[in-house]
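A.B. asks: First the structure, which I've put down as structure tokens, then a few questions once you've had a look.
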């Protein structure tokens, strides 16, 4: 039997950025190959740092998929743990070490006997930075292993161990990264008429873009437009030639995301024209679509966990956090859910420390659900 604590702590020490998860890939492959040795109903494929493990069913008419992400974040860890990150400036601050450990535990359980239906385990790279699920799908990595149903989880620090939370609709927002540069003409502060101030234009833009949420978005639907970074100018008496802004759009529907992108572009172009500036605008959504659960499958999963002893099933509201599993769920029906890990620190916090008691709980309870799915007639 796998030592879940050791695996989680080993993985926690080697966080890597998306598409650079080389040590993580090697570690996972070693465990997977050990579990699947001499089993003739298992095949393994790799895609860059990603791994696909396909368990062939004895009499399949569908394929069930379980997805986990494997990458870390560019964060300096401050947990003080004995098994803290050994990679400088890298941390598993989003719980992907927990996700991988759960997936390996589920794989071990699933291999105890050949199931009726096919079961695919996806160890997906680059959730945080490059939408690895989209990259794998577009590159044909799944081939004929593409599931008919896809499932996955994400740890949630503000829920306690034993909590499973999801809903029958949108669970995560769709996100879009925004990078914008206004370029004018620099000059001496004493001669503003000889320059063209990009900083003033950026200020007008920041103010006007707030009207997207307040006047263009249906208040029942909601949206977020946040610019967290503005860089312009060099000193107090020089007019800024350029102004760079970096922000994010978050919405609960793809239609609203596209509308928000459209209005942001129109405002930026209008500001640039009115101030006679050059504009460089990049809107990057990629694979970060809203995570939309399939209503019937979500209802089935919720009913299953509602009946499980030791599980507190929560019908939860959507969150404005992003997740690239939304792309795969736009191609394959499925469900994502939150798993409580009871940490006082939020996801992406340098002190985020999940309760490891969630590991055996998740492997037992989710293992039962997967067993039900792959053996139903």
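Cβ atoms are placed via backbone N, Cα and C, with glycine included.
From Swiss-Prot, here are the annotated features:
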ACT_SITE  69  active site
ACT_SITE  128  active site, proton acceptor
A.B. asks: Return the residue, from the listed active-site residues 69, 128, with the maximum count of other C-beta atoms within 10 angstroms of its C-beta.
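C.D. replies: Per the Cβ count within 10 Å, the most buried is 69.
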A.B. asks: Helix, strand or coil by DSSP: which one applies to the residue listed as 'active site, proton acceptor'?
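C.D. replies: Coil, per DSSP.
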A.B. asks: Compute the C-alpha separation of residue 69 (active site) from the residue listed as 'active site, proton acceptor', stating it in Å without decimals.
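C.D. replies: For residue 69 (active site) versus the residue listed as 'active site, proton acceptor', the Cα atoms are 9 Å apart.
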